[in-house]
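Asker: If you scroll down you'll find the structure; I have some questions about it.
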């Protein structure tokens, strides 16, 4: 349940010497949590309830009274009830005249003389109970600027960041915010799910079905671990590269347009704001890859194969190959370093950690170390296939292996980043991002911001 509404009896604030009295209509989880948070912020609170004889843990509290009495005693009124029960507001019209209300048009119709302000509905009882309010953004909309200012001042005292969404016509959009399920994660999760499904079936055909059709070899047991452990690093590397590809595209757009004041396409905007989530999803797949790699030695198929060779006393002469040793050690080292930097990027993206860094420090880790991580992880993939690229047996049914396909996107990103690092390109891009424009507006002189 989320915070539904709020009213102001009048816009005259009480004397500074006495804490402001606020009214909360509703004594459910949300009402109780909000009341405790307001008390901790220095406000006085009175509750209005439709049930004065039983039910709520607050009903023995002397601050609990009827809806009408509570509304008359306070300037600001929070309506913390489900929308299905808004009809009781119509019986309180005489007590709410001249007040500022916060909700959708239905509430304005119930109390036509109230100045309605919609907002704070993105707060939940859980967030209020756990104190997760500092810096949290909430939205307000309403037709009365004075009423919205009064509500915004109260929200600021709670540690909230307020964003004005305009007139009351935006109320329905605000009403739908709490009903959306992981809106910022939809694009990253959809991309990750699509990549996982594609490479799973692609590798299923190349590895399992190919072996059965061409060699009559039944290896379907490899689907659970071996096949999955090929899919996870592929998706992780592609998702990581997709975190940095939109930045490169945006840079080339700015170079092409010669200005930073032209908006990016909507699809690029949406892509860029999803980069953090894409990186965290990539880190999750990297963790799966590491975990699956560690359990490979304890798999039944591996142990059975090893025991069978020992029982049959099959031994093969071992000839030390210096090149193979270099390749194996390089592969393992790059994997360890890449995963370490991957985890470091994930940790610094957390608000509690990122908030302790300066912008320059945060930008250095997420950009410079981020591209270094991408480079190392891509090199890890190239070393894995360094002696397989030219082998005809690598291309089963004339199709490239999965690790080759997954190297395309990160390689493109690294090439684009390399071009942007060229002195002549980097100098121009820096000037553009400082405000320089290739084509200056008429009657204006070149300037740098």
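Just so it is clear, glycine is given a Cβ too, placed from its N, Cα and C backbone atoms.
When I checked TrEMBL for this same protein, it listed these features:
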- 22-100: domain 'Pyrroline-5-carboxylate reductase catalytic N-terminal' (DOMAIN)
- 187-205: transmembrane segment (TRANSMEM)
- 231-256: transmembrane segment (TRANSMEM)
- 234-374: domain 'Ferric oxidoreductase' (DOMAIN)
- 277-298: transmembrane segment (TRANSMEM)
- 331-357: transmembrane segment (TRANSMEM)
- 369-387: transmembrane segment (TRANSMEM)
- 402-425: transmembrane segment (TRANSMEM)
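Could you place the listed features in the three-dimensional structure?
Answerer: Within the chain carrying the transmembrane segment (231-256), a Cβ under 8 angstroms from the stretch's Cβ atoms is held by residues 188, 191-192, 195-196, 199-200, 203, 262, 264, 268, 271-272, 275, 278-279, 281-283, 285-286, 288-289, 292, 342, 367, 370-371, 373-374, 377-378, 381, 402-403, 405-407, 409-410, 412-413, 416-417, 420, 425, 428-429, 432-433, all 6 or more beyond its ends.
Sequence-distant contacts of the transmembrane segment (277-298) (same chain, at least 6 residues past either end, Cβ-Cβ under 8 Å): 184-185, 187-189, 191-192, 225-226, 228-229, 232-233, 235-237, 239-240, 242-243, 339, 342-343, 345-346, 349.
Proximity of distant same-chain residues to the transmembrane segment (331-357), defined by a Cβ-Cβ separation under 8 Å and at least 6 residues beyond the stretch ends, is recorded for 135, 236, 240, 276, 279-280, 282-283, 286, 290, 365-366, 369-370, 372-373, 376-377, 379-380, 383-384.
Long-range Cβ contacts of the transmembrane segment (369-387) within its own chain (Cβ-Cβ under 8 Å, at least 6 residues beyond either end) map to 233, 236-237, 240-241, 243-244, 327, 330-331, 334-335, 337-338, 341-342, 344-345, 394, 401, 403-404, 406-407, 410-411, 413-414, 417.
Here the transmembrane segment (402-425) has Cβ contacts under 8 Å with residues 199, 202-203, 206, 230-231, 233-234, 237-238, 240-242, 244-245, 248, 251-252, 255, 371, 374-375, 377-378, 381-382, 384-385, 389 of the same chain, all six or more residues outside its ends.
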Asker: Would you mind giving the whole-number mean pLDDT across the domain 'Ferric oxidoreductase' (234-374)?
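Answerer: Computed over the domain 'Ferric oxidoreductase' (234-374), the mean pLDDT is 86 on the 0 to 100 scale.
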